[in-house]
Amino acid sequence: MKNKFILLDRDGVINVEKNYLHRIEEFEYEKNVVSGLAKLRDLGYKFVIITNQAGIAKGFYSEEDYFKLQKFIEEDLRKKGIKIEKSYFCPHHPDGIGKYKKNCECRKPNTKNFELAIKEFEIDEKISFMIGDRVTDLIPGQKLGMKTVLVKTGYGVKNISKLKENGLDSIVADDILEFANLIEEGENQ
Ligand SMILES: [Mg+2]
Ligand SMILES: [Zn+2]
């Protein structure tokens, strides 16, 4: 049997969007994240994170900095009862420096990291969701047959008008908890 998953963007979805966040001291949860993820967990969903980290490509922080913060976030969520199965990241950017300057397949809206997650966790696209605050998070999800959710945290409000022009028929929710409530209502009907 294949698995139902919630794929999550990180910045502006799990944590408050701060330009190129990489310091643990600056990490701050977006509203209703932990309660929303707990509800989705109770509905049987598992979680992976898929994040673009162009700050690495641009030299603002290192891969090591990224791993340090990511470990902190995942351990903190774990203490709160939320398990992130795995985080996939893209350290590249077309205008990056050195080895990170690349037109890669893993930077959203490209689909490589989604495909890796689907394969590794036997994700059933048809019953899984991608949650993001930008259309570039949602495009690869829809392309691969998932349902997509734009949350109004981070850049979400600014991206609502871009849904239509990108052919996205996404659910729009205030935050992860509101989305979780929608799913719960749907299952109880
Ligand atoms: Mg984001
Ligand atoms: Zn990449």
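One-based numbering along the chain as shown.
Here the Cβ of each residue, glycine as well, is placed from N, Cα and C on the backbone.
What TrEMBL says about a protein is an automatic prediction, not a curated fact.
According to TrEMBL, the features are:
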BINDING   Asp9, Asp11, Asp133  Mg(2+) binding site
ACT_SITE  Asp9  active site, nucleophile
ACT_SITE  Asp11  active site, nucleophile
SITE      Thr51  site 'Stabilizes the phosphoryl group'
BINDING   Cys90, His92, Cys104, Cys106  Zn(2+) binding site
SITE      Arg107  site 'Contributes to substrate recognition'
SITE      Lys108  site 'Stabilizes the phosphoryl group'
Annotated recorded positions Asp9, Cys106, Arg107, Lys108, filtered by Cβ under 6 Å to ligand 1:
Asp9
Considering only the recorded positions Asp9, Thr51, Asp133, which residue has the minimal Cα-Cα separation from Cys90 (Zn(2+) binding site)?
Thr51
Going by C-alpha positions, which of the recorded positions (Thr51, His92, Cys104, Cys106, Arg107) is nearest Asp133 (Mg(2+) binding site)?
Thr51
Can you count the other CB atoms that lie within 10 A of the CB of Cys90 (Zn(2+) binding site)?
22
With respect to ligand 2, which members of the recorded positions Asp9, Cys106, Lys108, Asp133 satisfy a Cβ distance under 6 angstroms to one of its atoms?
Cys106
For His92 (Zn(2+) binding site), what is the tally of other C-beta atoms lying within 10 angstroms of its C-beta?
21
Cβ neighbour count within 10 Å of Cys104 (Zn(2+) binding site):
17
